[in-house]
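S.K.: Sharing a structure with you now.
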Amino acid sequence: MVSRSFCKRREMAAVFPAWIMVTILVLEASLVMGGFQASLKLERRIPLVSHEVELGRLREFDRLRHGRLLQSSGGVVDFPVRGTYDPFLVGLYYTKLQIGSPPKEYYVQIDTGSDVLWIGCNSCNGCPESSGLQIELNLYDPGSSSTSSLVSCSDQRCNAGVQSSDSGCSGQGNQCSYTFQYGDGSGTSGYYVADLLHFSTILEGSMSANSTAPIMFGCSALQTGDLTKSDRAVDGIFGFGQQSLSVISQLSSQGMAPRVFSHCLRGKNGGGGILVFGEILEPNMVYTPLVPSQPHYNLDLRSISVGGQVLSIDPSVFSTSSSQGTIVDSGTTLAYLADEAYDAFVDAITKTVSQTVRPVLSKGNQCYLITSSVTDIFPQVSLNFAGGASLILNPPDYLVQQSSIGGAAVWCIGFQKIQGQGITILGDLVLKDKIIVYDLANQRIGWTDYDCSMSVNVSANLNSGRTEFVNAGQMSNDGSSPYQLQSIIASLLNMIMLAALLFS
């Protein structure tokens, strides 16, 4: 294909004037860059005399040109993912953000159970100084970023946050502030700042461009509880809720990202995974509606099946109210069942395997001594939602291996219960090894089983009405995508052909 096109261009060069050839090449370059209607100026800032151009310089040249073309176009935002669901290793998934001018890197936990992005600040009391995750922690310093600014109480964004209880004003200094308390008893408080978020945008053809957008986020001045511990410490929490102060909502309102995001959290081989602003496309996706007018990602759970048998649980146990319901929360390591459903679930599991394994209690948890594979012994579990969508859980999706005793492995029920409460929480134990799509525009959540070490196809419906289809996957630790290589090679081929035409 390339050689045929090249020969055709050589023949045209002998007939048409040079300026027509340059025009044709420019138009063809426009098509190569993903179909964007933009006028490209042919720039020869890189010497082509010897045809030996360092790839790094070509990559930088392309990056700058792509940035000019695509800065305001939006697309699929791809974030690196680290961590694992395993509570005995990490017990959380986190990503890396670049914020400020000049940009600094911050590691933040991926949390779909809260709205706000917050980061520990240089004046923080209780912020850990080191992390057992072998990552370097950084405190955000508003004074060291030339694009940082404080958010006042009169700011429209602060007023919007007050309505969702994500912000408040104490009256001191007219500063927009916040206080958050989490389910594990930890908490944080601080004030809001605005600064630039730097991120990689992947566009059609797997071409990437560096982008920036102004965002409002929390500057943590105080941390309490488990947030002060260093064993699993990160720089902050990245809230992915659907309220106005979440980053996904802010970028969507600016036309920088679609109003949908997806993740695929890898459960095996060291964890990691995929996190994108966009809709991951898979043919086997099933969707269920979000319960409307809820602060979290609430789903309408109708029943639970174990081994194909629906459990005798009153459906009202799963109904949504201010004190009960089913929530999807990537910030929770395990999973939790409503108090009145937990015993029926555990009893059904135990009854199914009691002839094959030895049930034991360990620290109040129902466990089993197993000498063979859990997938050969334990039944499938199905969480059945409104609209006919079922979330199928294989044994590793509801069991956690704890230890070994005399050659037998100890596996425990990973679902827990919160005594006296009717909350069901689907945490990382359940969410791992699946594509999960949070479609805020259509108020639904979808899922399917998937190998999260593989790449995915992503659709991004932008405010302009245009839809981008790109291929995305795990990003390397330095924040570069493996698909950048494809973009570099394509651009290099174009420049080689251009050089041959100009100097032959």
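Using the three backbone atoms N, Cα and C, a Cβ is placed for every residue, glycine included.
Just so you know, TrEMBL annotations never went through curation; they're auto-generated.
As annotated in TrEMBL:
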type: ACT_SITE; residues: Asp111; note: active site
type: ACT_SITE; residues: Asp329; note: active site
type: DOMAIN; residues: 93-448; note: domain 'Peptidase A1'
type: TRANSMEM; residues: 12-36; note: transmembrane segment
S.K.: Give, as a single whole number between 0 and 100, the mean pLDDT over the domain 'Peptidase A1' (93-448).
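M.R.: Here the mean pLDDT over the domain 'Peptidase A1' (93-448) amounts to 93.
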S.K.: Enter the number of other CB atoms within 10 angstroms of the CB of Asp329 (active site).
M.R.: 23
S.K.: Sort out the sequence-distant neighbours of Asp111 (active site) for me: same chain, 6+ apart, CB within less than 8 Å of its CB, listed by position.
M.R.: Ile237, Phe238, Gly239, Phe240, Asp329, Ser330, Gly331
